[in-house]
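S.K.: Dropping a structure here in structure tokens format, bear with me for questions.
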Amino acid sequence: MTDLGLKWSCEYCTYENWPSAIKCTMCRAQRHNAPIITEEPFKSSSSLDPSLCTTQGGSTLLICPDSSARPRVRIADELPETSSKWSCHMCTYLNWPRAIRCTQCLSQRQQGSQQHSPLSPSETPQTSGSRPSPVTSDPCEEYNDRNRLNMHAQRWPCSACTYENWPKSLRCVVCDHPKPSGSPETPQQDSEAESATSPSIVNEQERENVRTAGGGGGGSRGRLRKLSPPMCKGQAEVKIELASGAVGSDNEQEADFKKLKQIRNRMRRSDWLFLNACAGVVEGDLAAVEAYKSSGGDIARQLTADEVRILNRPSAFDAGFTLVHLAIRFQRQDMLAVLLTEVSQQTAKCIPALVCPELTEQIRREVAAALHRRKGEFPCYFFTDLVTFTLPADIEDLPPNVQEKLFDEVLDRDVQKELEEESPIINWSLELGTRLDSRLYALWNRTAGDCLLDSVLQATWGIYDKDSVLRKSLNDSLHDCSHWFYTRWKEWESWYSQSFGLHFSLREEQWQEDWAFILSLASQPGASLEQTHVFVLAHILRRPIIVYGVKYYKSFRGETLGYTRFQGVYLPLLWEQSFCWKSPIALGYTRGHFSALVAMENDGYDNRGAGANLNTDDDVTVTFLPLVDSERKLLHIHFLSAQEMGTEEQQERMLRQWMDCCVTEGGVLVAMQKSSRRRNHPLVTQMVEKWLDGYRQLAACPTLSDGEEEEEDEDE
């Protein structure tokens with residue numbers, strides 16, 4: 001048996017691979033365990049052994065010819081009976097009469113398949129128009145060789161992915177590229193040259209005669225080729241090993257390149273956005289993740305083996321990984337928070353800023369006009385107007401079902417549940433929530449990196465930072481007052497690290513590098529912001545900001561990943577106290593997302609005294625914001641200097657200096673947030689009224705229909 005017989009043919013691309021290969025060298029397909037007879041029968045006395053009908057793996061071949069179908073003993077003066085064979089209409093392969101499918105391409109046998117006419121003993125198998133050729137050692141081998149050469153010669157290569165397609169294919173079966181208009185059907189000379197240098201014909205010791213190497217068409221198919229002289233078995237093995245070593249690596253690289261090109265050609269825009277998002281998680285590019293989310297991409301999508309191959313970074317990407325897995329693996333807490341933020345899609349959100357676009361644009365212009373830069377050594381931006389947003393008290397006059405619909409469309413139910421039920425962070429005091437009417441509601445906003453800026457404007461003006469006016473002021477203030485904020489930030493970070501037992505010192509270059517990163521976040525629309533930016537926003541608002549947030553980052557499995565460090569009080573410490581307002585705003589923080597916490601208007605104070613003399617009129621709404629957590633521990637004051645840090649009593653004294661504080665009858669230290677509808681901005685009041693009119697109309701419809709029914713009953 002020759003070395004050629006050891007090769008196995010790929011069932012996908014018909015490439016003949018070396019026996020040691022477990023995958024196809026061309027298309028990387030797995031080796032099939034139940035091979036179809038694709039090689040010509042070999043001239044050997046062992047062919048009479050019936051055991052050859054079974055492969056080494058024990059699987060039975062599809063066709064096992066015996067002595068009754070075709071005599072396996074070759075007689076010099078006797079030719080096989082080929083008249084009973086039928087030719088496949090797809091690949092022209094000559095199959096045995098008992099086969100119901102083609103051995104090569106598995107095509108169904110047609111009724112009345114064309115059979116070859118019997119040959120006279122003096123004729124040799126050849127087509128018309130070709131000169132006679134010497135009789136081969138085995139006529140069946142001759143026909144099988146011709147069929148393979150015909151099949152290869154008639155294929156046309158795809159100009160996009162180089163895959164060789166069948167001649168009847170009008171488009172490439174791999175990349176769907178159209179067939180070139182001038183594709184040659186039978187490249188005669190190429191097939192002859194390829195057959196002469198084909199690696200599948202290495203050393204044929206048993207073929208001593210000259211045989212035909214023609215293609216599938218007529219013409220000059222009778223060109224002769226003389227085989228190389230026979231060599232010993234050891235030399236043949238050495239030659240095969242050298243060929244597989246030298247050519248195999250090049251073939252594998254070429255096959256990998258072709259496979260990669262095929263995968264790229266099949267990919268769509270959504271696939272590229274997903275791969276960019278995966279790379280963005282690894283490299284820390286949040287914009288790529290946001291681009292994938294905004295396009296409607298599935299966050300739970302998993303990487304496939306082909307996509308991992310395109311990314312070409314096995315140390316970072318594995319098949320089956322999602323964006324959440326990558327964010328956990330590379331500790332991207334900000335991205336993890338964005339990815340895990342679940343926004344309910346069951347109800348369409350309907351907030352005042354979306355219902356009244358004309359009024360909203362006017363309010364945005366008012367916001368831009370209210371921002372000014374102070375002259376002097378500290379050129380920070382600041383607001384000239386004190387505006388506080390509250391939900392109207394008329395909501396309580398609506399029917400319960402309309403109220404439920406309103407809250408579903410204006411509140412973030414997931415944030416409200418996490419801050420109230422999963423962790424007692426807000427509304428934990430029955431005294432504040434019920435008797436003092438200081439229940440806080442989490443407004444819904446965008447889930448992108450602008451959620452901090454959106455929540456600040458929602459808590460004051462009731463709108464989004466759509467035009468990035470507040471972000472621009474934040475960026476300019478950070479750069480213009482960089483020295484002031486940098487000193488506070490550096491001193492605070494050093495103290496905070498030491499408070500957790502982390503005694504280390506950084507070089508000034510490292511501090512500057514971290515500070516440059518904080519500055520860059522402020523200038524990038526959509527980038528998530530940090531504690532320093534909340535501190536700067538307190539100066540722009542000229543009022544304190546109280547953040548009620550979760551204490552720990554948690555994975556989607558509920559595992560604690562680290563401290564959030566956002567909860568606490570942010571005071572405008574770099575301004576003079578006389579230049580600032582004492583009425584704070586409240587924000588909620590959950591898993592990398594900020595939400596505005598607002599109260600509902602109340603009808604005056606009545607007997608709601610909280611241990612303080614409230615000499616105000618009935619039009620003013622006072623919301624009592626707790627300055628302690630549910631465990632009655634004082635909230636931290638962020639970015640204090642070394643001189644300002646002291647005991648808890650000293651920090652409480654500082655809170656009383658910057659805010660109007662009092663202690664309730666239950667002993668809770670609270671800060672008073674004051675707002676007045678009469679003193680509020682008229683555009684904000686008009687926007688809220690127009691938004692509320694839509695729910696009033698919903699409440700009026702059932703009443704109207706009930707009244708009509710009553711009138712009809714009276715008429716009867």
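Yeah, the Cβs are placed from backbone N, Cα and C, and that goes for glycine too.
Quick paste from Swiss-Prot:
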- 3-33: zinc finger (ZN_FING)
- 82-111: zinc finger (ZN_FING)
- Cys88, Cys91, Cys102, Cys105: Zn(2+) 2 binding site (BINDING)
- 152-181: zinc finger (ZN_FING)
- 268-298: repeat 'ANK 1' (REPEAT)
- Cys451: active site, nucleophile (ACT_SITE)
S.K.: For the Zn(2+) 2 site (Cys88, Cys91, Cys102, Cys105), what does the 8 A shell look like? I mean other same-chain residues with CB within 8 A of the CB centroid.
M.R.: His89, Met90, Thr92, Tyr93, Asn95, Thr103, Gln104, Leu106, Ser107
S.K.: Calculate the distance in Å between the alpha carbons (Cα) of Cys105 (Zn(2+) 2 binding site) and the residue listed as 'active site, nucleophile', and round it to a whole number.
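M.R.: Cys105 (Zn(2+) 2 binding site) to the residue listed as 'active site, nucleophile', Cα-Cα distance: 60 Å.
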S.K.: Relative to the Cβ position of Cys88 (Zn(2+) 2 binding site), how many further Cβ atoms are located within 10 Å?
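M.R.: Total other Cβ atoms inside 10 Å, all chains included: 23.
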S.K.: Minimum Cβ neighbour count within 10 Å among the recorded positions Cys91, Cys102, Cys105, Cys451: which residue?
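M.R.: It is Cys105 that, of the recorded positions Cys91, Cys102, Cys105, Cys451, has the fewest other Cβ atoms within 10 Å.
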S.K.: Taking the Cα atoms as reference points, how far is Cys88 (Zn(2+) 2 binding site) from Cys451 (active site, nucleophile) in Å?
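M.R.: Cα-Cα, rounded: 67 Å.
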S.K.: Give me the DSSP three-state residue breakdown of the repeat 'ANK 1' (268-298), ordered helix, strand, coil.
M.R.: 24 helix, 0 strand, 7 coil
S.K.: What does DSSP call Cys102 (Zn(2+) 2 binding site) in the simple three-state scheme?
M.R.: coil
S.K.: If I take the alpha carbons of the residue listed as 'active site, nucleophile' and Cys102 (Zn(2+) 2 binding site), what is the distance between them in whole Å?
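M.R.: Just about 65 Å between their Cα atoms.
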S.K.: Work out the three-state DSSP category of Cys91 (Zn(2+) 2 binding site).
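M.R.: Looking at the DSSP assignment, Cys91 (Zn(2+) 2 binding site) belongs to neither helix nor strand, so coil.
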S.K.: Going by DSSP, is Cys451 (active site, nucleophile) sitting in a helix, a strand, or coil?
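M.R.: Once the DSSP labels are grouped into three classes, Cys451 (active site, nucleophile) ends up as helix.
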S.K.: Could you give the mean pLDDT over the zinc finger (82-111), rounded to a whole number?
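M.R.: That stretch averages a pLDDT of 83.
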S.K.: What are the helix, strand and coil residue counts for the zinc finger (152-181) according to DSSP?
M.R.: 3 helix, 6 strand, 21 coil
S.K.: What is the three-state DSSP composition of the zinc finger (3-33), stated as helix, strand and coil residue counts?
M.R.: 4 helix, 6 strand, 21 coil
